[in-house]
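Have a look at the structure below before the remarks.
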Amino acid sequence: MTPAQKRAATIAAKKAAAGDDATPAAAKKAPVRRGKAKAKDDEESGSDSVVEEDEQDDAKAERPVATGTGFVYSDSDDDDAPVQQVMSAGATADPVKDYLKQIGKVALLNAEQEVDLALRIEAGLFAHEKIEEAGDAMDVQLKRDLQRIVHDGKRAKNHLLEANLRLVVSLAKRYTGRGMLFLDLIQEGNLGLIRAVEKFDYTKGFKFSTYATWWIRQAITRAMADQARTIRIPVHMVEVINKLARVQRQMLQDLGREPTPEELAKELDMTPEKVVEVQKYGREPISLHTPLGEDGDSEFGDLIEDSEAVVPADAVSFTLLQEQLHSVLDTLSEREAGVVAMRFGLTDGQPKTLDEIGKVYGVTRERIRQIESKTMSKLRHPSRSQVLRDYLD
């Protein structure tokens, strides 16, 4: 035990013997400040005295400026100067570069170190299980010992994780350019790495990186299936799409041409209709704002026809037809024109039944049918129908 540890133990023993009542209240609350003059070395002189600071007002006058911790504060009266500047020590504008720099500080592990960390993790899990089983009935000292083992296991787990973060980066690089940002791929791969640490069995004799690679790849590919596409496709269907793409590339190399759906269906053991359907699922959507041409002055959306747009010639023809219909209806009586207009929806676009029209005029549906039949006979007369025949073409 070092002299400082012995001194701390002696002070603690004295306080415990004297009790809380023997300690003055002022001594409990008053903070102790170190002065600008350094205290003598405790190990050389054996003194425990601390010099109180004499210039407290001068210390409060200025806010401390921390230059080594990454935080810089400024109380300048200049309006152009920032009130507070926060920066990370050694940070750059590239978050990927900063992340790679941070994870590169942890040394790689050999097989022996991986087994040692795995043993500590296993011991921590076992100690946690024992604490949960015993509950409050466990001896206090034993519980403290087990809690130390649990904390040591957590530290070992973090060490094993941090030492293999570069493995995640190397695997994530293979999946860039497929709809997800590089940092997002790394984050998803880290989740797979955590799963690998929890499932790693050191007794098999394999390197941890060999085992973790599978979990990292699975986490990344699952995340891409869920997040990379604009229109989400179920994971099992994404696997079918990827399998079809691999077979299609292989057959393209073997045949020297694009394989037909029938050839792909025979290779994949599915129907040609199913192959065509899977190929449709695998298509990526394209933005209507995609620039076209060398200059990019036009967009893809400019070439798509608007099926709902009204053609000017049709609009003019429809307007003239309405005018001719009204002129023909004006030659009929008010009741006849009203029955025809409501029957065919010429007023509001909603055709009405005979019962509905009968309720409007207060007559039976049979009477409305008779009026409709008589009116239609009048409209079929050449003197009225001739002006409307030109619009039937």
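Including glycine, each Cβ sits where the backbone N, Cα and C put it.
Keep in mind the model is a prediction, meaning the values are calculated, not measured.
For reference, TrEMBL has these:
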- 1-82: region 'Disordered' (REGION)
- 160-230: region 'Sigma-70 factor domain-2' (REGION)
- 184-197: domain 'RNA polymerase sigma-70' (DOMAIN)
- 353-379: domain 'RNA polymerase sigma-70' (DOMAIN)
- 354-373: DNA-binding region (DNA_BIND)
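Sorting the domain 'RNA polymerase sigma-70' (184-197) by DSSP state (H, G, I as helix; E, B as strand; all else coil) yields 14 helix, 0 strand, 0 coil.
With a cut-off of 8 Å between Cβ atoms, the residues of this chain six or more beyond the domain 'RNA polymerase sigma-70' (184-197) that come close are 99, 121, 157, 160-161, 164-165, 167-169, 171-172, 175-176, 208, 211-212, 214-220, 222-224, 227. Confidence for the domain 'RNA polymerase sigma-70' (184-197), expressed as mean pLDDT, is 96.
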